[in-house]
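First up is the structure itself, then whatever we jot down about it.
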Amino acid sequence: MKIWQCLAVAAMALCFTVVSSAGDVSRGEELSASCVACHGADGNSSNPEWPKLAGQHASYTYRQLQAYKSGDRQNALMAGQVANLSDQDMKDLAAYYESLEIEIGVADPDLVELGAQIFRGGNPDSGVAACIACHGAAGEGMGAAGFPSLKGQHATYTAQQLQKYRSGERATDPNRMMRSIAERMTDDEIRAVSSYIEGLYRQGN
């Protein structure tokens, strides 16, 4: 994925994502009572297979909740959770989780070198784009464009999502951006970059 392609999508998305993600943080906190079992009381899930929601851009979380409700993104548990949520409920939840602080994990020191290479420079030989093009040097994402924050996310969860993009099981990415990247990634690259993302600049002892 070229940087200009990310910027083009960002420009198109800018017109609607900021408005669509506006929500009430206090009401979102009340609604989150049904989310804590999986995602934690502070939005930092303890199960590495379930995503941390803390600090995630509201525009992205809102869009994912919409996708679960419409069926564009498949997950039986999430489908049940969002079934009775109104559009405003989803905006409020998204705003609440954005207000929380994510807990950064620790990267596997054995995977840091390859993970950093993929995250920062991609793999020119296979056409894998650098993650920083859309997700930022620190993994902070681009909220206005709907590109998610990645920093601190569980490596297990990130790897699962990349594998789903690669297989086509997950297809919620605009213009196939993530699928076109993941299809070119090896298992080792997925594992390494996922670990790097979890810790970014931190390494295991």
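Placed from the backbone N, Cα and C atoms, the Cβ positions cover glycine too.
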Can you tell which of Met78, Met178 TrEMBL lists as binding heme c 2 with Cys131, Cys134, His135? Met178
What DSSP reports for the domain 'Cytochrome c' (23-101) is 46 helix, 0 strand, 33 coil
How does the domain 'Cytochrome c' (110-201) divide up by DSSP, counting helix, then strand, then coil residues? 52 helix, 4 strand, 36 coil
Counting other Cβ atoms within 10 Å, pick out the least crowded of the binding-site residues Cys38, Cys134. Cys38
When the Cα-Cα distance from His135 (heme c 2 binding site) is computed for each of the binding-site residues Cys38, His39, Met78, which gives the smallest value? His39
Provide, as an integer number of angstrom, the distance between the C-alpha atoms of Cys134 (heme c 2 binding site) and His39 (heme c 1 binding site). 25
Name the residues of the same chain, 6+ apart in sequence, whose Cβ is under 8 Å from the Cβ of Cys131 (heme c 2 binding site)? Ile118, Phe119, Arg120, Gly122, Gly139, Leu150, Val193, Ile197
